[in-house]
């Protein structure tokens, strides 16, 4: 192998343009102010450029570094052949590298030496240049030492002055000789000079990673604060997180109902620069793979149904977009570089009611579509499609949608695991995407197989009932006796079925329900008959549940609910899901609970969808935490809620926040025959406008325990509008006339009434006028005028309507659509409680396509959940539970509050926990969960959790509850949250914990805005807590907080007294005086008493007291003292 020689070449300079990320200010910013050519920057090598250099350059570099001549010098001088080679004394890049250049010129020449480097996004950047002439020493080998100086950012680590040292991939030192006889100018360009080289050579220097380099001695003294800050981070080595191109878009089954809602996912840019550079380079040559599991129930009922598609920042379909057609084919659409769209349809149809995996690989213009059936991935179909067009692909400039959206409906079925390989085109054998939740997936398949049998049985029964009913009507058309029999007699039933005993034994509850069903009530439309029969089975089951001992019958009712669910009546599916998830008088079974929740969600059952949305929002009951998946379920119900509210039919009621612990609110609940309702009716009849309005609202929306009765409500609206001249009643009646809700439309009268109400200053009526001109007259200028006026008056509907004008691009004087301004109006409307405005805001938060609404999936879920929980069907369940509670029907109250609480609405969760506290025997007997703990715990994780729920959980953590152990730390957190919400009991409980010796952590004090530096001991903290407790107490008289505060200060005062030096001195002084006085007193008493005399016996002692003789004075004084001391009576 030749190790040294003249004329060796090097790889041709790369002409590939650098990735666009390095072009511009960012690349220039990494160049130091002096000594470095412009354009050198970055930290890691460009992958493609580095591969080219390492394959070619290093091998030649190793051959020429530190080389010796193979040809003797004498022979070289005789040959007079130009050559050049050099020796680098240090193989690493240093600040000053010494290079020995040996060369020979046969003619006058110029010797050129250059150092070029390659960084992350740049190649062949010169950092050192030197040239010199040789005109005299010809035909002689000469040596010159050159000190090559490299920029500091290539040699040293980051420090206070070198802020961005660069990572260099290759450093090449090259030299060449050119002759001067051609007459070229000395100042000719280096690149042009290089082309005329007669001898050239190069070597490759070894680079040092940035964090292995030494620090540079700048010989500058930093200020102490700057030096201290720098020393804190001087030795920190940043680490890039492990990142790859695989994205798991979905890991848990998603029940797609075939409606205009779906899962929204957004890809971020890669944090790894090399991956990001690769992604950018492939924008016009997409290389990626999609792998997803599907279980289809039906093919698309429209032209196209969404499976997985990309929506760009302009709200247009991008690459890729995969849809399902009516016939069962796949429709795959791509966006071209030239701006057009291109689509292709597969040659095969995908299977129904089978779990299968769909793999789609893109590799430039080639698409490979593969379907595999079952968990063993049995091959089903494979198709390769090739195109000559260039596809445009930018997976970060928009968002992906799984299922439906406002642009297209989704499929009817279930999505399984979905993986996306962003930078790789893989063969199906290379894809790792197993069917997760295998048991659940198998249960879904078994459910629909069983339900196919049930639906066939019901369909045949409905057909037989239809023909039997027709024969009876034809034979007995005018028989009055039979009419009476049909009306008052026992219903006619079908006694014989064309099924075998084996099938009857397999579905006993179904055949029992069909045998007991009235033939004449079966619908004639066979397509609707299965669902309606399921509804009748459900109604009979619910009637049994509503009895006195309804919960006791659940186990026998479950089979009937199962049959009802199979018939497509998915209220039964939700009941079953709740029964299994809570263990409501059935063995608790999480798998079955998930199954029926998903089945109900797929059937678009409102409570089931809310249940799924809540479980994924909180990540509870073995459901994974997934806000995008939660949003898909909540948004489905939220979009239906405004429509449901304007639907007069259906079991709906207004969702009211009524707490069972609030006796005052419970007292005003009424019914049509209740005292409150009768009093309102009496006042309304007398012409009281407020009573008429309230009565109409209660009847129209079904509020305060009154059943929904739109017809009666409209009568009161009309009476109030025409008699009392109340603007609110006039407006309400005008809206009813405009929409024809329960009354014949009368646009003319409605407009007159609307103008009349607006003239009275009602902002709703001003907004109504704008709505009239927008909807009926298409006069957008007048509509905007009224809406702007109503918005100034504080009407949220007007804000929403103005947003619609900007969104549609029809706002007068403003050309084109303005989504940013529309979003601002929608946000203002949402803050005023407008449902549609809230929905638009949640959509903006989940997509992140507007700068004013940065992507925030959690906030999107919260806003969609807020609207969904106003749904009237949920309100109906809550109202039934409340009515049962007021009537003392504990079984029914527990049932309906469990059903409502599992949807995630806070008021029902706290009410259910309250019922379980009132009737713990009922909860223990029928529920398979710790009712009090579960639902108070759920409630404290709500956005608008009440303070008493925090107090309850604090007590449960403090005392421990059933199987839950005591946890003082969590108890402190719960009390602190209650205190932060302004509840005085929270402050009081925290103070009691401190009295017991519990230490409140500093972060809790900071949370309560108690400065730990000002309150450094427990006494000062207690004072602050009791003072806040007193200030937040709403009791006018003495409260426990005020008494506790007073007691604390008395203790402090007494403690201060006992520990005072003055008190000790005074006490000692007084005690000394008392002792001295006592001693002096006893001394004086003892001095006044005479010495005792010996007693003399007298024979007549017994009679001496009765003697009339007067005793001498001395004797009298001697006898007087013992008489006084022994006499218990006062002297006379």
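Each residue, glycine too, has its Cβ placed from N, Cα and C.
Scan Swiss-Prot for phosphoserine across 182, 529, 608 and the hit is 608. Looking up 95, 382, 394 in Swiss-Prot, the residue bearing an annotation of N-linked glycosylation site is 382. Nearest Cα neighbour of residue 937 (N-linked glycosylation site) among the listed recorded positions (201, 382, 608): 608. Across 694-730, 732-767, 801-839, 840-877, the stretch most heavily in contact with the repeat 'Sel1-like 2' (611-647), judged by Cβ pairs under 8 Å, is 840-877.
Here the repeat 'Sel1-like 1' (575-609) has Cβ contacts under 8 Å with residues 253, 255-257, 259, 297, 412-414, 439-440, 443-444, 447, 551-552, 554-555, 558, 561-562, 565, 568, 615, 621-623, 633-634, 636-637, 640, 871, 873-874, 877, 895, 898-899, 902-903, 926-929 of the same chain, all six or more residues outside its ends.
Break the repeat 'Sel1-like 8' (952-988) down by DSSP state and the numbers are 26 helix, 0 strand, 11 coil.
Within the model, the repeat 'Sel1-like 2' (611-647) carries an average pLDDT of 95. Fewest other C-beta atoms within 10 Å: among the recorded positions 201, 608, 937, that description fits 937. Distance noted between the C-alpha atoms of residue 201 (N-linked glycosylation site) and residue 382 (N-linked glycosylation site) is 55 Å. Counting only same-chain residues at least 6 apart in sequence, those with a Cβ under 8 Å from the Cβ of residue 382 (N-linked glycosylation site) are 368, 369, 370, 371.
Following the DSSP three-state reduction, the secondary structure of residue 201 (N-linked glycosylation site) is strand. Under the three-state DSSP scheme, residue 382 (N-linked glycosylation site) falls in the strand class.
Residues of the same chain lying 6 or more positions beyond the ends of the repeat 'Sel1-like 4' (732-767) and with a Cβ under 8 Å from any Cβ of it are 646, 648, 693, 696, 710-711, 713-714, 717-718, 720-722, 776, 786-787, 789-790, 793-795, 797-798, 801.
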